[in-house]
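Chemist: In case it helps, TrEMBL gives these features for our protein:
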- GLY196, THR197, GLY198, LYS199, THR200, MET201, HIS335: ATP binding site (BINDING)
- 10-22: compositional bias 'Basic and acidic residues' (COMPBIAS)
- 185-324: domain 'AAA+ ATPase' (DOMAIN)
- 1-22: region 'Disordered' (REGION)
Amino acid sequence: MSRSPSLPDRPTREIDPELPDDKRLEALRSHFYEIAEVNAELDDQLEAATERREQLQEEADRVERENKALKSSSLYVATVEDTFDDGEVVVKQHGNNQEVLTEAAPRTYERLDAGDRVAVDDSFGIQTVLNAETDARAQAMEITESPEVGYEEIGGIDEQVRDVREAVEQPLSQPEVFEEVGIDPPSGVLLYGPPGTGKTMLAKAVANKTDATFIKMAGSELVRKFIGEGSRLVRDLFEMAREREPAIIFIDEIDAIAATRTESKTSGDAEVQRTMMQLLSEMDGFEARGEVRIIAATNRFDMLDRAILRPGRFDRLIEVPEPDEAGRERIFEIHTRGMEVAEDVDFAALAAETDGYSGAEIESLTTEAGMFAIRDDRTTVETGDFEAAIEKIEDDDGSDVVPAAGYFYQ
Ligand SMILES: Nc1ncnc2c1ncn2[C@@H]1O[C@H](COP(=O)(O)OP(=O)(O)OP(=O)(O)O)[C@@H](O)[C@H]1O
């Protein structure tokens, strides 16, 4: 923006009252001319300022119009492939991968680089350059600075907790131990087992214990929601983790991007392949002793492409099974800690009755029991409430709770 011009000095002149009249008149006249000149100069400046104000107002109106248009119409996300000196730009639209030569307004053009993501309208006019907030990156990743989950809140999988602490926590909290012994800690840890058994909790608890940033990305979302952006988001994920060290990267439902290759050659498959290749290359280029640890989880171990299990990738496998009876009893205790529970409620008996329940199912059972107490106008939850909750859950399911079907271990 141009600087405002400085104002001319105000002319001052002392006129000696002793001067003869004609000399005084002459002096006054020339003072008057000086003032008139300054006045003319100020007039010019005022005119220029008014003109500039009009320009700025026009600019403000234009930005407001653009803003409204952006809010009211749907735009498509595209990636800049190439820029040319004359303001022309090649963009590739996400989803259908259509490449288009378009033009960018000079102001927008100045900010564009190949690889940037932009929003384009129906006629491929570039409306805006996407920044970090509007970026898929922000939506695709869940970032928590040291999540509030402790190991003591995880029941029935003590052995798994110990394994994860050894493989993920220790390399972060005591890297010197690995250095002294001269070994690299496991590169990545894969937690596998049925849904709702505490895999996410475990990853969060490690982040909490090590004061690490927890960055979660769901494989299924990469494939469903961010079509065309998977490999870039995986790159961003690792970059983000490096920026926020110490960090735990948690890739949930990794089977969605790392499933065994199928015969079909649809473009969707190719996209998933690219995402997985990016993941593998990120892991291969990873500093094993660094301050970023990677945990992935899956309910479908049988579907995984073995390439991701090679040494230097997910080379530590930890099975997180459904809790056994003692584990279920512990989980009942954990999830009723904050509840008013009648003295005679027998968690061991409830555990015996809930064969096949996962941690997540026991959690919803305790909530359901609490609801029965509320319906009955009580603040204390009784055995009958738990029984009613079990009945309700099993009725809703149409049968006994069955362990998640369709996954197999090695
Ligand atoms: N072992 C457990 N001890 C205590 N609570 C548990 C346990 N497992 C699951 N839960 C409860 O269930 C919720 C969901 O568990 P979590 O998200 O960790 O499961 P998950 O194994 O990651 O499941 P998914 O495979 O479906 O992502 C937790 O927030 C917790 O309240």
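Counting starts with 1 at the first residue shown.
Yeah, the Cβs are placed from backbone N, Cα and C, and that goes for glycine too.
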Chemist: Are there residues at least six beyond either end of the compositional bias 'Basic and acidic residues' (10-22) with Cβ under 8 Å to its Cβ atoms? List them, or say none.
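Modeler: Counting only partners 6 or more residues beyond its ends, the compositional bias 'Basic and acidic residues' (10-22) has Cβ contacts under 8 Å with 28, 30-31, 34-35, 38.
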Chemist: Across all the protein chains here, work out how many other Cβ atoms are within 10 Å of the Cβ of MET201 (ATP binding site).
Modeler: 22
Chemist: Per DSSP, to which secondary structure element type does GLY196 (ATP binding site) belong, with helix, strand and coil as the options?
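Modeler: In three-state terms, GLY196 (ATP binding site) counts as coil.
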Chemist: Tell me, how many other CB atoms lie within 10 A of the CB of GLY198 (ATP binding site), whichever protein chain they belong to?
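Modeler: That number is 26.
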Chemist: Between all pairs in GLY196, THR197, GLY198, LYS199, THR200, MET201, HIS335 (listed as ATP binders), what's the biggest Cα distance, rounded to the nearest Å?
Modeler: 17
Chemist: Within a 10 Å radius around the Cβ, which one of these binding-site residues has the most neighbouring Cβ atoms: LYS199, HIS335?
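Modeler: Output for this query is LYS199.
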Chemist: Tell me the residue counts in helix, strand and coil for the compositional bias 'Basic and acidic residues' (10-22), as DSSP assigns them.
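Modeler: Final tally across the stretch: 2 helix, 0 strand, 11 coil.
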